[in-house]
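Single-structure report; data block below.
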Amino acid sequence: MYFKRIDMHGFKSFAEPVSIEFNHGITCIVGPNGSGKSNISDAIRWVLGEQSPKTLRGGKMEDVIFAGTASRKSRGMAEVVLVIDNSTGILPIDYSEVAITRRVFRSGESEYYINNNQCRLKDIRELIMDTGIGVDGYSLIGQGKIADIVSNKTESRREIFEEAAGIVKYSSKKAEAERKLEAANANLERVNDIVGEIESRIGGLKEDSQKATEYLAFRDQYKELEINVTLKSIENIELSNEYLKDDIAELSFEIDELKEKKVVLDKEITESRSRSEALETLSNEARDKLVKSMEEINLLVHDGKLKEEKIASMEKEELRLNSEKEVFAHKLEKEEQNLQELTKSKTQIDLKMAELDQQLKARVKVYTGLLSKQSQVSARIDEDKNSLFQVHNNSSTKKAEINSLENLKSNLDRRKEQLLQEKDSAENQNNDILEVQQSAVKNRDDLKSSLAEITDEIKELRQKHQTAVLNEKDLTKKTEDSRISISQLSARKKTIEEMESNYEGYNYAVKYVMKNSFKGVHGVVADLITVPQGFELAIETALGASMQNIICQSDNDAQHIIASLKANKAGRLTLLPIDSIRSNPYVCDSQIKNTVGFKGLGVDCIDFDRRFKGVMEYLLGRVIIVDTLSNAVKLSKQVSGGLRFVTMEGEVINSGGAITGGAFKNNTANLLERKAEIAALQERLENYSSEKDKLSLELTALRDQIENQYNRLQELEKEHREKELKLLSAENSISVYENSMKELTDGKNKRQREFDNIQQEKDSADQMIAKLTDELESDQAKIEELEARIDENLTAYDQIKDEIEEANEAITKARIDVTSCESEKRNVDTIVGRINLTVQEIKADMEEREHALDKLKADRELLNASGDGGETLIKEKEAARENLERYIEEITEERTNLTHQLNEKTVSRESMEGKITSSQDKKYELEIKKARNETQLDTYKNKLWEEFEVSYLQAIDFKKKEFNMNAAVKEIRELKTKIKALGEVNIGAIKEYESVRERYEFLSGQRSDILQAMDSLKQIIEDMDKTIRIKFKESFDDIVVNFEHVFQELFGGGQAMLRLEDETRPLECGIEIIAQPPGKKLQNLNLMSGGEKTMTAIALMFAVLRSKPTPFCILDEVEAALDDANIERFARYLKNFDNIQFTLVTHQKTTMEHADVLYGVTMPEQGISKVLSLKLGDKIDLN
């Protein structure tokens, strides 16, 4: 691996593009002070990732961009491309050549590329890590680096040792693991905060969830009981329906039976009617026959006259048939004679056909021989023609080749013209691409500007979003605090209300009376009065035990209650019957009311129902409330008449003058203050609820704002990604245009090579045309010879052809004779067939006439035999007529009987229809009742769905085997009471509690994962630390040995050593250099001269290069502080590293003498550097 080239454009003083080739060996860069030669080493350092402007001798990174001169404009961008040969594969990338590019713009934006693919600075650093060529490594050494090595800060020289040890990558991973550990620790703190917040909520939610769970259990019990009650009702209705179904079925059977009987009766009536109609038809038919019989008798009298006429006709027909029979016999005889004559002619024709066949065979034999002879001659002609065709074909091919070559020459000429046109087109295209590339560069710059604006907007929006999230968290905490306060106040209120309802603080007798709801009881005095705020202690002191007195309506009510207390040994109490109580309230005059400290008469300081006025005047009508004890004393002396004075703090002046006071051990105002506290709690609950609602609204609005900001962020980030893709596309386009321009250049070279090849091809085509022309002349002679031979054979072929035609005509004539004879024979066969057919027809006609004569003879004999039967037939007809008359009388009698029976059956049918109607009415009533039951069933089933959302089939799953309807109804009432007692229930608390609990468990799991990850990271850090220690120690020991040898070689003796300042902390401590030049004592580096320090630092640098050689090394005026003798040693020693490519920036002539390539940096124009190169063969004397 070595440096191949560095390209600089707009970097520092290199305003124009500059390219420097690096060769093997030593390359020196020289030039006067201020010419910009050190800018080359700065460019290498910068492209490899240097981030410190100070190291690059600037104030900010934009200072590396060419700033312009009096005559030159400044540049908007600086770019450096370092091309590295990686054929050895030292760099972990699949390229044999690696181009690292860095750009910086005036806007402050930077870009990094590896082989024209945009990347991060991190990617470049990882690529060159542990190769020794990093900005912190030992391949880039300048005067500043030499100063660091020899400075008092021993820690600063550690970088070289770490790079040489190859632990930079491990240190980087260790630092990354430490960052991750720090981030994990921060995450753990956040998770702990959230878990703590959840723990403060989960308790209250658990109570609400348990309450909701209890409610759901009651509700499920209620649902199960209600379903069972409904199912029981359904069962009762279905049982009733079963009975109704049986009754309906019984009536249906009865109706069906009656209908069947009716059908039978209808059938009998129908049959009787059908029989009557049939008898009527028979009677009519018999009468018709009677009339017909009488007509036949009349006709028989006339039939005797026709007989004689038929006999005469038969005799005439017999004579006709005999005459036709004789004609057919004569015709048959004539046809048989013709048939004999034709048979003789057929025999003669057969003999003639045999003779003609012999003649035809002989002529065919002659014809076959001529055809064979013709084939032989034709074969010779075809052979010659094939040869002629082959020669013609070869000639045509050669002519085509000549034409093709001529065309090729024309095409080559056209291609030459085309190449010239392509040259002009390529030049135009090159200009067009250059223009488009400039447009693409502008587009890229616009995209970068747009991306910068979007980035600023995203940054601003993220800050607003983070602020809103913090505000949301604060509002959420406030809302949760309000909820907790409401929960606590509700619990306190509920507790006090339960104390009130349970009469806590009252004696047992009061509880007994109030819980048993005695007749006439209105309540306890403490419950029936309302005391203004601040008067509680005074009123409770004034009432004393009377607060637990019970007000009832009458004496009888009081007696009944006392009797019950005695019977049950439930204690004692005081009852105040409204009807019998007597009060004597004191009337305050204006003087008393205006007295200082007077608050009012006791009864006037409370609120109560007017029904209890007498009782309250009895209790507090002679009590005066005063603000302080001193004022009470004064007032008691002015007023007389058995009054008690009570102060606001509970002191009492009795009517006799006794004064009671002091401090209360317990809060004796508890009973009255409970009510006040309930009211106060209710008021606070309303305030907190109002505040919670307000916070919820603010929180909702803030969350909407957060969501909108998030959505906008997503849009901006999406737009940013799209712009980045467009920017990448623009960069790719620029790269494509550059490649296109390179292709155009390659095309130009390719066209020139093609132009040269075209001329060679034209020369070769001319030679081939000449050769083919000679071959064509030879082929023409062959063609003439073959054509003469073909003409000779064609003459012989025509002669044979004429003979074949004559033989063919003779065969044709013989075949015509045979065909004629065969036709004659077929005609005779046809006539014979026709005569045979005529003979058969004549014989058939004769047989037909014979049969007709036989039939005629039989008919005549039959007619003669029937002459004596006419009178007998007339007698038979008369007897039949008499029978018909008797038959008609019998039918008439039967019809009369059927009509009587039909009337009786019709009456029975009407009776049966009445019974059917009655049964159907009963059945209809039962079906209505059943339908009502069905409706009630639907109602119950709808109730199951509407109230419990279960179908009837699903409800059956809730059915109990043993079920008491009355007990269930009672239990339902109790469950309703329990559900009501639960008060307001938040069903959502179950889900919320589960959600919070799951989140709590999830976050607890996250906390465990984070702790586990932290343990893993700690282990990684420990493993990395161990690896780093081992590698550093091995490398350090090797450098120590090499340093001692190199020091002795450079100084010509002496000794030197390296030492860790703290062996127990090799990775953190500094490295001390101790040296002893020849003739001096062993001393610390700080005690040496400047030259000795520099030489020692160079020795250390060479020792490191010996331990871990780097492929190339840039040395920027490292030998500036040395004298000529030491420079000579330094330069000679460089030759020992033939495997390292050295580039030196120097002023020293001695160093230049050892260079293989010399680059001179000049500044012909103020502020603009230029580079000149010189390759050196043998060593030259620069003096």
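The first residue you see is number 1, and the count goes up from there.
Just so you know, glycine gets a Cβ as well, placed from its N, Cα and C.
The feature coiled coil, as given by TrEMBL for the ranges 31-65, 241-275, 276-310, sits at 241-275. Annotated range for coiled coil in TrEMBL, selecting from 167-201, 482-516, 972-1006: 167-201. Residues Ser13, Gly31, Val1161, Met1163, Ser1169 surround the recorded ATP site, their Cβ atoms falling within 8 Å of the Cβ centroid of Pro32, Asn33, Gly34, Ser35, Gly36, Lys37, Ser38, Asn39, which are themselves excluded. Over all protein chains present, the Cβ of Asn33 (ATP binding site) has 7 other Cβ atoms lying within 10 Å. Proximity of the coiled coil (398-478) to the coiled coil (325-359) is not established, fewer than 3 Cβ-Cβ distances being under 8 Å for residue pairs spaced 6 or more apart. Across the domain 'SMC hinge' (519-636), the DSSP tally of helix, strand and coil residues reads 57 helix, 22 strand, 39 coil. With a cut-off of 8 Å on Cβ pairs spaced 6 or more residues apart, the coiled coil (325-359) and the coiled coil (241-275) reach fewer than 3 such pairs and are scored as not touching. Its Cβ taken as reference, Ser38 (ATP binding site) is surrounded by 20 other Cβ atoms within 10 Å in the chains shown. Cβ crowding, taken as the number of other Cβ atoms within 10 Å, peaks at Gly36 among the binding-site residues Pro32, Gly34, Gly36. Figure note: comparing Cβ neighbours within 10 Å for the binding-site residues Ser35, Asn39, the maximum is reached by Asn39. Remark: Lys37 (ATP binding site) has Ile29, Val30, Gly31, Val1145, Val1161, Ser1169 as non-local neighbours, by Cβ distance under 8 Å and separation of at least 6 in sequence. If you average pLDDT over the domain 'SMC hinge' (519-636) in this model, you get 89.
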